[in-house]
Amino acid sequence: MSEYIRVTEDENDEPIEIPSEDDGTVLLSTVTAQFPGACGLRYRNPVSQCMRGVRLVEGILHAPDAGWGNLVYVVNYPKDNKRKMDETDASSAVKVKRAVQKTSDLIVLGLPWKTTEQDLKEYFSTFGEVLMVQVKKDLKTGHSKGFGFVRFTEYETQVKVMSQRHMIDGRWCDCKLPNSKQSQDEPLRSRKVFVGRCTEDMTEDELREFFSQYGDVMDVFIPKPFRAFAFVTFADDQIAQSLCGEDLIIKGISVHISNAEPKHNSNRQLERSGRFGGNPGGFGNQGGFGNSRGGGAGLGNNQGSNMGGGMNFGAFSINPAMMAAAQAALQSSWGMMGMLASQQNQSGPSGNNQNQGNMQREPNQAFGSGNNSYSGSNSGAAIGWGSASNAGSGSGFNGGFGSSMDSKSSGWGM
């Protein structure tokens, strides 16, 4: 007749009753069925209080001389398996410890001037235990700057506070991580979406009810005065991102959902994209190179505002390195032409070139860099190039080169 013996993994644990065979033995397979990896049993001797092992022969556990009795038997494990189990427990404990997120300082924006640190602490204490609050003040006047900092004990409290807007002393305030806490290389995954094309009859409660079908809505904000848009903040950033770009129907009106990205992030993206423009004298629509007195060559959509009659090359893309190389090449090539013209002028009767044809006087068109002040005194239609502070007038001849030695200016007469 079989009986049940009490077996446990540790002496202090609650035992499990395991059935024995008809001959009074216990199969090791019966033990391993309840304690995987077990290789034997042991028990504490009531007389000596020492641990004794149970005899094991070919997978069969034999009862002690006095029988199984009411003793509690402890399971034995191989040492290697026990070591592995201990290491697994230790590694899992380390992983759990690393998974615990630490809290950090949160910046509170839009604080009323009258709000004190005590007011701030009392408000945020309703969410959880507050470690620190601080209202930034002007060193000279001692007045509030309109923002402060707060830190909580629990990370869950921090997440909850960041997921919603806060009415503090009659004013809406935002609480978020400072910019220094966010990596610029990581993409910003916002939980807030922009809802465009809203109508005045849409209320915050209606928007909250509508968007609740997609996920938990933490906050709904409609700016006042009404400007035909609203902001909806979800608890999960993945839900917010999945709705971006969608056109949804609310109360029979089509609204467009997009990412509510802060302005400073948009500016950062424009800076990283390498675009030039928007500044006087730069690339783009606000002027260009060559705003000099001698007439410059403008890049982009310039309106020809140079004093010397600058010419535009159209709206094409060019970088500063290319422009500098082009200017250097032009100065070098035209300088060589000027030297050739000077040599020809020195071989003339008096160094003064006369126009050999009956050419009509026409205004010059000049390309220049620096403070060139060419005057239109060339005989014939001349396109003059000059550099440095030339103050004279270059005399050209038909189909050749012309130069004035007195003013050290050179021109190409055409």
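Numbering starts at 1 and runs along the chain as it is shown here.
Every residue, even glycine, has its Cβ placed from backbone N, Cα and C.
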Would you please say which range out of 215-226, 227-238, 239-250 has the annotation motif 'Nuclear export signal' in Swiss-Prot?
239-250
Range annotated as motif 'Nuclear localization signal' in Swiss-Prot, from 14-30, 82-98, 133-149, 371-387
82-98
From LYS102, LYS160, LYS251, pick the one Swiss-Prot annotates as SUMO2 cross-link?
LYS102
Hey, which of ARG272, ARG293, ARG361 does Swiss-Prot call omega-N-methylarginine?
ARG293
Looking at SER183, SER305, SER347, which one is marked phosphoserine in Swiss-Prot?
SER183
